[in-house]
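Everything on this sheet refers to the single structure shown next.
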Amino acid sequence: MAHTGTHSQPVRSCLLLVVVSVCVQQVHGVWPLPQQLHQSADRGCLSPQRFSFTYGRDSAAQTGCSVLDAAFKRYFSIIFPDFTKGSENRLQYVWSEPQPFVVSVSVKTGGCDGYPDEDSDESYNLSVSEGQAVLRSVTVWGALRGLESFSQLVYQDDYGSYFINKTEIVDFPRFAFRGLLLDTSRHYLPLHAILKTLDAMAYSKFNVFHWHIVDDPSFPYQSRTFPDLSNKGAFHPFTHIYTQSDVMRVIEHARMRGIRVVPEFDSPGHTQSWGKGQPGLLTPCYKGGVPSGSFGPVDPTIDTTYKFMESLLKEVKFVFPDSYVHLGGDEVSFACWQSNPNVRKFMEKMGFGKDFTKLESFYMESIMNMTAALNRTSIVWQDVFDYHERIPQDTVLEIWKGEKYQAELSRMTQAGHRVLLSAPWYINHISYGQDWRNSYAVQPQNFSGTEEQKKLVIGGEVAMWGEYVDATNLTPRLWPRACAAAERLWSNEEKTLNADLAFPRLEEFRCELLRYWKYVCNHSLSTSNVVLKS
């Protein structure tokens, strides 16, 4: 079954327009840059009335594949935005009926009802010739990446006609983990802002949404096991929460775009909002030998803490299908623990002396073991490694501290751990001018180590922390600045080291993003701090 546009609209011919613009031979790029891309100046005209997606005869996925059926409809609207808006007011020349154009998609394996995971094959081959394009991939996730590349190859001339050049692409990601972090605790992000971000992630071939869903300021996740966490810990118990239905919608929206959702429940620090709905969880702080009324990190000395965490992690496993869960473990202040006489007694009993890093290690090791027992892989911030904790070997370490991250990469991989790099991609920090170039210049495997060590760098992620970001400025703060890291994580590094060569493609990609969001593009990238202006 082919997926086409509505045929009741008038047919637009391309013949005269080809004659008029024969000297304007555009060859359009793709962002992120494919591993191999060969384009010809020869081009064909596309008409939305004669355009269709179809499944190849040899494809394991056929009509009824939820992921690709939806993608065909979605990309038709992306490729022909004017048509889908019903705008047929452009100048038309009906000299001859346009030729049909068919995009044939074939995948080797089905998997239409599953979720992308750490082992998903995202490779694809795309061949565009006269009247057709053939897209082949191993999985539906690779087909999604190929459809995105195809959509970026289509362009319009000044008269509104659509063209595509003859193109051959062989493509696959350099890194398996290409993530983007959103912080929904410091400022609540409404559901539509998250879904819009997932759309943009798909355009840039990001494949992991790291949902930093709770933190000190608020607990917007509505837990079915512990409802008081959001009832008392969210900014508002009804308007500023993510219900179970909301979370399911985010996960499904991401799945349909080949994006994993990895939740983060950071502890023992960053948990002030947790304590409002879970009495006894946080450590009481003391002053002058008596409780001060304030609370510190999670109390790691009592059994009820671990029973609570085990129940919460069981729920997280049930709600979030991904095999990874982020456990945090960063920026733990020891002052409150030091002030508490019960904590000090526990330290003495355990033989920790006055080394509170050992107490944090005790807690984190327990939580990581719980996660392993639930058949989930832990991600933790680099602090956990820096405190010399006994970390399960399959734990993924994430580097967030900006200084000397190359040395940290070397140490972590030498210890045999898989690593994610986010330190140079904290793009909630902004500066005047084209600061995307700093992100683009990052070389994730440029550190002292063997080839085997460098293979342990499984990717990285852009972080958008929410101290000064909410729904009003999230999109212009993120895009297209995040695209620099997207290309670094997908593309061949040797072919993409020159930011000046990348600039025209990024400028055009920015315009494509603006068109997706129904804004007008004025090619003002060089003077707009590489931030989208509506």
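Cβ coordinates are placed from backbone N, Cα and C, and glycine is handled just like the others.
TrEMBL does not curate its annotations; it predicts them automatically.
Note that the structure is a prediction, hence the values are computed from the model and not measured.
According to TrEMBL, the feature signal peptide maps to 1-29.
For the domain 'Beta-hexosaminidase eukaryotic type N-terminal' (30-153), the predicted model reports an average pLDDT of 90. Feature annotation from TrEMBL assigns domain 'Beta-hexosaminidase eukaryotic type N-terminal' to 30-153.
What TrEMBL records for 175-492 is domain 'Glycoside hydrolase family 20 catalytic'.
As annotated by TrEMBL, active site, proton donor applies to E331. Taking Cβ-Cβ distances under 8 Å and a sequence gap of 6 or more within the same chain, the neighbours of E331 (active site, proton donor) are G269, H270, D383.
Taking H, G and I as helix, E and B as strand and the rest as coil, DSSP gives the domain 'Beta-hexosaminidase eukaryotic type N-terminal' (30-153) the counts 35 helix, 35 strand, 54 coil.
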